[in-house]
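What follows is a set of notes on a single structure, which appears directly below.
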């Protein structure tokens with residue numbers, strides 16, 4: 001279980017080595033190692049993975065749309081080659097009612113990766129705190145313009161490309177969501193946008209963060225939570241607010257979010273290490289507890305098992321109706337949507353080359369991660 005984080009910094013701020021030494025020592029301990037990671041999907045056995053049959057059609061529509069987006073061609077090409085977010089959309093929403101809605105969600109996923117890349121390690125705003133604040137303010141304004149009480153779908157003049165492209169995407173979401181879901185999505189997007197800025201401050205800190213603190217802020221503000229609400233858009237239903245705020249549903253959302261963070265940090269470990277992005281839970285556990293790479297990976301895998309079990313148990317406490325089967329169907333679909341955020345992220349990670357090469361994955365879906373530097 002996670003410890004109390006009230007005093008988490010006490011063990012790191014008194015460390016003898018300098019912040020530079022701390023990072024250098026961690027890099028030296030991990031570099032050159034290889035580790036075989038078991039199938040992440042096997043750790044969530046009751047949650048199957050499917051792919052929407054219209055994935056190729058969505059890809060075709062994305063190919064038509066991308067040239068119209070005001071984002072650097074190099075960035076578009078990189079994400080198109082390595083990401084395949086149309087496929088990610090198809091595993092997140094395998095039963096989406098309309099292909100047109102699936103295309104809108106795919107555009108949203110392209111937006112979130114484009115936008116996050118501006119601020120994440122290696123982006124234009126990675127070291128620019130003032131620029132990041134301005135970017136977040138402009139993006140938050142877009143969210144309120146499109147999803148607030150007085151909708152305005154016209155981006156301000158000279159908007160940055162990632163803000164400009166977001167206006168029509170949110171317009172389409174609003175057209176297909178009920179008022180309760182629209183407001184939920186608005187608030188969740190604000191949490192995500194503000195959370196990215198908060199994570200940037202952590203990365204800019206002199207010392208590596210405590211893993212439990214890092215896990216908490218990422219789980220609180222991670223971008224998958226809006227994608228859960230978008231399942232209501234995909235499946236054409238609106239979950240009543242009392243069901244969404246029921247303690248069991250809150251726990252399922254939180255636990256699936258935590259699962260997504262945990263499994264993503266395992267599967268992205270090789271890429272992030274090679275990018276010298278050390279704010280990864282595996283590496284942070286190595287640093288905090290002086291663990292070997294194997295022990296740190298095992299710790300994260302154990303956390304996946306733990307949070308999966310909590311999530312499965314919570315389903316029994318949901319507010320099932322005795323006489324409204326439509327409501328029960330909507331609850332089941334909402335829960336499946338939460339689960340697919342975890343399984344879909346894993347399935348997609350194995351199926352594209354954003355984090356590692358296909359040649360590193362065997363027929364058991366085990367992946368051999370390689371923490372060597374590659375020019």
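Here the Cβ of each residue, glycine as well, is placed from N, Cα and C on the backbone.
It is 116-120, from the ranges 111-115, 116-120, 121-125, that Swiss-Prot records as motif 'D(D/E)XX(D/E) motif'. Range 264-272 is the one annotated as motif 'NSE motif', of 246-254, 255-263, 264-272, 273-281 (source: Swiss-Prot). Swiss-Prot assigns the feature motif 'WxxxxxRY motif' to residues 348-355, out of the candidate ranges 348-355, 356-363, 364-371. Here the motif 'D(D/E)XX(D/E) motif' (116-120) has, by DSSP, the following mix of helix, strand and coil residues: 4 helix, 0 strand, 1 coil.
For residue 264 (Mg(2+) 3 binding site), the Cβ neighbour count at a 10 Å cut-off comes to 22, with all displayed protein chains included. Distance from the CA of residue 355 ((2E,6E)-farnesyl diphosphate binding site) to the CA of residue 264 (Mg(2+) 3 binding site) is 10 Å. For the motif 'WxxxxxRY motif' (348-355), the predicted model reports an average pLDDT of 92.
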